[in-house]
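**Student:** According to Swiss-Prot, the protein carries these features:
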- 57-89: repeat 'ANK' (REPEAT)
- ASN172: N-linked glycosylation site (CARBOHYD)
- 206-228: transmembrane segment (TRANSMEM)
- 249-271: transmembrane segment (TRANSMEM)
- ASN342: N-linked glycosylation site (CARBOHYD)
Amino acid sequence: MFPSLQSFAKKVLARQHVSIDYHVILERCGLWWYKAPISLDCKHMLIKLPSFADGLDLNTALMLATKENNYQLIKLFTEWGADINYGLICANTPPVRELCWELGAKYRVDKKKIMHMFFKLIHPGTTSSNIILCLKLFNDNPFSAYVIIREIKSSIYWKLKKLVEDTDVLSNISDGDMLTIYCFMVALQDNLREAISYVYQHFKYLNTWWLICALCFNKLFDLHNLYEKEKIRMDMDEMMRIACTKDNNFLTIYYCFILGANINLAMIASIRFYNMDNLFFCIDLGADAFEEAKALAEQRNYFLISHRLSLDIYSPDSSLLTLKEADPNKIYHLLKNYKSKNMTAYFNHDDTI
């Protein structure tokens, strides 16, 4: 699209450092967004705003402006070189779609562009800004959410299915909510606090999922915040089962144990998920369902586990049984240098005796 003289002048102005005394001029001429002046890094074609620390490339900025029905910025970013087909992805109303078509967009949304933008934002080592931006662009955007979820569904569905045994729960989640949960899982695993806080604030109706994710990813302090401060509740033994889905989840397993969850059920769950470190941790905490656990191991052909459970060498670790309250700081310090007493006993055992 050939830029107008007005958009060219704005582009020149956006490249300059403008004193705060003249911000009112920028606001009046349309170079104002998210309560701040729009500045342009022409070398990398990035829109710079305080709300987006990483900057926005023109296509991403166009998508956000389209999602917000900001006609002025849609035209401006397109004249500055953004691909209007990206804008069409986020056009949720007929007038905005008409504008995108007038500016040269194809009449069908390009699915490849949706996936390109999603993986550009959500990837290993991503930032809070990118996750928040992804949620702004694609949440409450039914077609885009549908396209993304169909592309990554095999990955995310099986991750969630492992956490929630009731498949009806999964079948009732909308594509948009599944996308939100996926983004939250990424943020939680990478400890992206700003993105985590954003999700807590804007998606409270999914709070049970935030509890599930905190249990699964061994996020003790998030779990405590959700359970104690936000008062999010679910069955205690189900919480323990979820904590046992990933190995070495000692912090969240212990938290559930202190709250009163059945440690023998945790022992059985650890075998079901084939998590041996969790199994020995449960034995350290006093689990003694050896016959049931051994039967399950044999049923699943886990013969090494069955052999381990048949040995009469195990006993609770009294040093782990001192806490009486679910204080995350005390739990963290108690387990900071944890090594399994019973796993050591197993490895030191001489089978020839």
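Every residue gets a Cβ built from N, Cα and C, even glycine.
Since we're looking at a predicted model, the values are computed, not measured.
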**Student:** Counting other CB atoms within 10 A of each CB, which of the glycosylation sites ASN172, ASN342 comes out lowest?
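**Tutor:** With the glycosylation sites ASN172, ASN342, fewest surrounding Cβ atoms within 10 Å: ASN172.
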**Student:** Cα-Cα separation of ASN172 (N-linked glycosylation site) and ASN342 (N-linked glycosylation site), in Å?
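**Tutor:** Answer for this pair: 42 Å between alpha carbons.
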**Student:** Let me know the model's mean pLDDT on the repeat 'ANK' (57-89).
**Tutor:** 92
